[in-house]
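So the structure is just underneath, and the comments pick up after that.
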């Protein structure tokens, strides 16, 4: 009991505030550095290239200034981009949400690392080569090339709405962690985070985002590793941690229950995890923008490889941290004892009770959580601003802007999105279980858009009508499931079936909470589904409906398609008319890209037909 009593004595020391302040200073300083010194140097070099007569390549921005601000002139390095990709996904949601998921539901979620490996293969071989050869600024440009401007507009609007919903989640998680160790109001904290992030994102552009992400990810990983290492030392050994988890029923790796209603099963994690991670990493603009900031397809594929290793390592550490937390609280659940008010405060309270007396360590941990939030937030702000400029203002509204107007629009969007994020934190306060909420909300747009890109790249006969109807069907059913599930949960019709906990060693008079689960048989079946299944249902619905409607409305004449719009995994099955004459197309491709796309030798065969690729996407 003694180890639980002194919790109230552990709060931030001045050394913790100093460590935390240093992280904030470095974040802002990096933005200022890339806003002024590096930016001026890059623009000067870019102007020299233009003056020397270098022809601007296909789909670059109209000015070197915007090209530098949003894509880093496509000259960024592999490692910082890879770390930025990790930062895109690893936010406070991952750190705190994963720990609480393992603590309450066991280790079945850990099997997500297998899904991530298959995701990396799919992204690098199916989707990325198409974006690379087309040199898109925004991933949604592809949808206009393949289908129509209406499809591009639909997907880009869904992306903007999705990111607006996700922004407050990114803000809220580190805010509750900081609140736990300082007592400062959540809304004050979230406002400060947002202001800092908006400042360096506006000033520095994509280079500030990428390079700040790189060291923020380092701080985040180091902070979690320090906490885990000290936690293992206090627990006795790694074996003791797993032994306690086994006795408490937390070691679950092969739950093959076929029920789609159970929160975590092997099938749900593997199948749902693969579709969710592929949807996010294959076509989401926050990821594609970083791929396109690299100079070649090969380097982009290497960035995915490094990203995969990094993300698997980090998720594994977070899952083990969940077991550490369970080992520490195996006899006293902190929620039942009143030590915390939200599931996602488990790790912060564990940090304060185990390493709180090591001055500076709690500050390092919270700095890591904040670094994760800042990296994800800056990426979303920058990418969403690009989509607003390229896909909505220029693509949908067909407006031609000057360089000054484009700059004002992008920076204005970043500022407005920051204000919206802070306001929506008030709504998010009413929700619980951050990992499932985040997955459910993002699954709506992610599943539908991934379905659209999959339909375009892997179903050659799909047409504009099929894509439109398929997208609407996918969005409707995934939205119906997602929001219906959240409403059912909020009203108490559906409750998560948590594993057993104990309060026998809790200080004071703490009683065991009643784990009486209501009968859910009367709830609509789709609203009882595990959050893992929302995304694959959205993807499958979009592709299936889109394919059927395309056949019914008159499929695309495949011979008139441009092979560059179809994934290279299908090139060997395409007719030779799809391949443009050799010697004409390589000017617009990246270094070595043509080798990947035309490796079956059909470029030469296509030249004999005299067919042009101007009819791409038409039928």
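Cβ atoms here come from the backbone N, Cα and C positions, even for glycine.
Automatic prediction, not curation, is the source of TrEMBL annotations.
Note that this is a predicted model, so its numbers are computed, not measured.
Ranges compared are 39-60, 215-236, and TrEMBL records transmembrane segment for 215-236. Between the transmembrane segment (364-387) and the transmembrane segment (408-428), the number of CB pairs under 8 angstroms, six or more residues apart, is three or more, so the stretches are in contact. Taking every recorded stretch in 154-178, 184-203, 304-326, 467-489 and counting its Cβ pairs under 8 Å to the transmembrane segment (408-428), the highest total belongs to 154-178. Within its own chain, the transmembrane segment (467-489) has Cβ neighbours under 8 Å at 143, 147-148, 150-151, 154-155, 158, 431, 437, 440-441, 443-445, 447-448, 451-452, 455-456, 495-496, 523-524, 526-529, 531, 533-535, 537-539, 541-547, 549-550, counting only residues six or more beyond its boundaries. No contact links the transmembrane segment (78-97) to the transmembrane segment (184-203), because fewer than 3 Cβ pairs that are 6 or more residues apart lie under 8 A.
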